[in-house]
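Okay, structure first, notes after.
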Amino acid sequence: MAWFALYLLSLLWATAGTSTQTQSSCSVPSAQEPLVNGIQVLMENSVTSSAYPNPSILIAMNLAGAYNLKAQKLLTYQLMSSDNNDLTIGQLGLTIMALTSSCRDPGDKVSILQRQMENWAPSSPNAEASAFYGPSLAILALCQKNSEATLPIAVRFAKTLLANSSPFNVDTGAMATLALTCMYNKIPVGSEEGYRSLFGQVLKDIVEKISMKIKDNGIIGDIYSTGLAMQALSVTPEPSKKEWNCKKTTDMILNEIKQGKFHNPMSIAQILPSLKGKTYLDVPQVTCSPDHEVQPTLPSNPGPGPTSASNITVIYTINNQLRGVELLFNETINVSVKSGSVLLVVLEEAQRKNPMFKFETTMTSWGLVVSSINNIAENVNHKTYWQFLSGVTPLNEGVADYIPFNHEHITANFTQY
């Protein structure tokens with residue numbers, strides 16, 4: 001899915017005692033392991049006292065085996081200190097799993113989430129698929145803590161999924177698969193067989209839809225939704241009719257890593273577990289070892305040293321034509337920046353040259369997101385946001401990650417999702 005859709009999920013968020021293991025064909029070749037270790041180090045180094053405390057990163061660190069114990073301890077402390085009132089059900093679910101994977105007691109977070117999910121209902125019968133992402137995380141977290149108490153919640157959630165007819169979303173489908181697989185594997189002995197039948201039916205439906213998103217090159221949806229989809233396809237008790245070539249997917253992801261596509265810490269957190277042979281179902285089985293630093297094996301051939309960068313010109317347009325919004329505009333500016341600069345630098349230079357291009361950002365688990373341009377701000381209630389496009393193609397990276405090329409036309413379009 002497009003980068004913004006992943007960010008949107010962050011706004012809305014956000015086995016029965018046995019360890020799971022991805023299929024052997026998914027194993028990363030030993031020669032490529034330093035490549036995977038390299039992105040893990042990059043992810044762990046993003047953890048600082050001033051950074052957004054991201055539970056997905058802590059889960060990935062613990063499932064993979066953390067290298068940077070100081071970062072691990074800092075992030076654990078930050079999440080333990082988080083205010084439950086500031087968290088959505090998805091964020092609360094992730095935080096519970098992150099603390100569980102750190103062998104820490106989540107305290108009252110579990111009972112709070114339990115109560116919230118008992119009162120949960122979608123906003124409408126055909127709510128967007130992304131509206132089910134946070135509840136999927138919540139059910140997965142609750143399943144790992146008390147599956148029996150979670151059963152009525154999961155049954156209602158599964159029936160709601162069956163009745164929903166909104167367009168399919170790979171990330172949401174993958175997370176729902178993990179949640180319902182946990183419930184399927186933990187149905188109490190002596191319970192009605194109808195529970196297993198219901199969960200199996202929903203899982204079969206979702207997994208078939210995920211399999212329809214597998215591209216010829218192995219990518220599932222897009223490169224940033226592939227990590228969660230790999231987890232889902234590797235553990236589901238209801239495999240799809242279409243065979244999944246896990247090796248092809250793994251090889252393609254490794255190739256994307258070589259090309260530098262995985263440098264955003266959140267994108268690394270979502271792909272790392274699968275590359276390490278783990279899934280979110282392994283969270284309760286993480287063994288917390290005594291404190292000792294582990295030095296990873298990293299790639300031995302560093303890239304070429306820095307060279308003096310030439311300037312490039314980026315054509316930048318801001319556009320708002322939404323009815324009901326007072327200020328309508330379509331303005332274009334040519335901006336000169338150093339080659340290799342991220343899009344954020346382009347926006348800053350445009351703002352310096354013309355106050356009409358003034359913008360504001362918000363920090364999320366996926367990094368900086370542009371929340372306002374020319375005093376027109378996104379609004380969750382109105383489902384409006386600033387979408388960035390290259391030509392007519394939505395960008396799949398954020399402004400702090402995307403690197404524009406010479407004479408590229410970037411448009412920031414105020415639109416609705």
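Heads up, residue numbers simply count up from 1 along the chain you see.
Just so you know, glycine gets a Cβ as well, placed from its N, Cα and C.
Comparing N164, N413 with the features listed in Swiss-Prot, the residue bearing the annotation N-linked glycosylation site is N413. If you measure from the Cα atom of C26 (disulfide bond) to that of S191 (phosphoserine), you get 35 Å.
Ranking the disulfide-bonded residues C26, C143 by C-beta neighbours within 10 Å puts C143 at the top. Comparing the recorded positions C103, C182, L395 by how many other C-beta atoms lie within 10 angstroms of each C-beta, the top residue is C182. Here the Cα atom of W386 (cob(II)alamin binding site) is found 13 Å from that of N330 (N-linked glycosylation site). Taking all protein chains in view, 11 other C-beta atoms sit within 10 angstroms of the C-beta of N330 (N-linked glycosylation site).
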